[in-house]
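J.: Following this message is one structure expressed as structure tokens.
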Amino acid sequence: MANFKHKDIIALQDLTKQEIELLLSTAESMREINNRDIKKVPTLRGKTIVNLFYESSTRTRTSFELAAKRLSADTVNISPSTSSATKGETLADTALNLLAMKPDIIVMRHSVSGSHYFLSKKLPCSIVNAGDGVHEHPSQGLLDMLTMKDRFGRLDGLKVAIVGDISHSRVARSNIQGLTKLGSQVFLAGPPTMMPPGVERLGNVTVCDSLREAIQDADVVMMLRIQQERQGKTLMPNAREYARYFGLNPENLKLAKPDAMVMHPGPINRGVEMASSVVDGDQSWILKQVENGVAVRMSMLYHVCEGELE
């Protein structure tokens, strides 16, 4: 398997098209391991992976932990509520204390955008980004692309509509970076107060005035969660108004292609971003996204650790 040139995986912006394709290809191989009766290989035996989550997480933290264990790595989970961060310890000091434990990889989620680059300069071990502020969420972007590839067999030429709170979405940024590098056309829609200025500069991106315009003839419709916790003040009148103009329901979904897939990074606000009938409908690939998360994160850990795949 080809070598991966990076010590860290912090942003899809930092990776080439070929490197993203390599991570996706390896993830496809990792799925074979996940389908075995005994879901474990000795690839990262003897390696130590620290999961350092400064923000709450269920799917991402559990998925990274499961990925590490299936590759036979030792894992340590640290959360702010049980760490010295609650006593005022800085990220730099936390990093130096962790370094004394000699980890091979630190998987971190942090509320500050760019914090992983700071950590990478401080530490010789690999840093894997599990989400930083509103910057990027590379593992989510990769698993989303893998899920699209499962459905269509390709990414090149797909029309992907991303709808919702673009300004505060690290998921949107990672998807934009990855999808445009691999040849997809990305169409964005959301309330004007939730659309970052200059987003078109990120790649082959078109900003639309409405959900209906964005999802017209789309192959993929990706809905994003409204992130009130990242907003200094409310940026929408109320949930009912948001659902009226930017919520996905069975009627407006008909504007997309008949075989379009529906995605959401979770957690979902049913009845706001999407009607429950769409979440649970035949076009929903949301649970497949969760399933693909383990394989993608196995691929990321494997490549930064240069493991031997068996």
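Even glycines carry a Cβ here, placed using N, Cα and C.
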J.: Let me know which member of ARG31, ARG109, ARG212 Swiss-Prot also records as binding carbamoyl phosphate at the site of ARG59, THR60, HIS137, GLN140, GLY266, PRO267.
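T.: Looking through ARG31, ARG109, ARG212, the residue Swiss-Prot assigns to the carbamoyl phosphate site is ARG109.
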J.: What are the other residues, in sequence order, whose C-beta lies within 8 angstroms of the center of the C-beta atoms of ARG59, THR60, ARG109, HIS137, GLN140, GLY266, PRO267 at the carbamoyl phosphate site?
T.: SER57, THR58, ALA130, GLY131, VAL171, PRO265
J.: Would you kindly give the Cα-Cα distance separating GLY266 (carbamoyl phosphate binding site) and ARG225 (L-aspartate binding site), rounded to the nearest Å?
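T.: Their Cα atoms are separated by 7 Å.
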J.: Which one of these binding-site residues has the most other Cβ atoms within 10 Å of its own Cβ: GLY266, PRO267?
T.: GLY266
J.: Give the sequence-ordered list of residues that share a chain with ARG59 (carbamoyl phosphate binding site), lie 6 or more positions from it, and have CB atoms under 8 Å from its CB.
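T.: The answer is GLY266, VAL290, GLY293.
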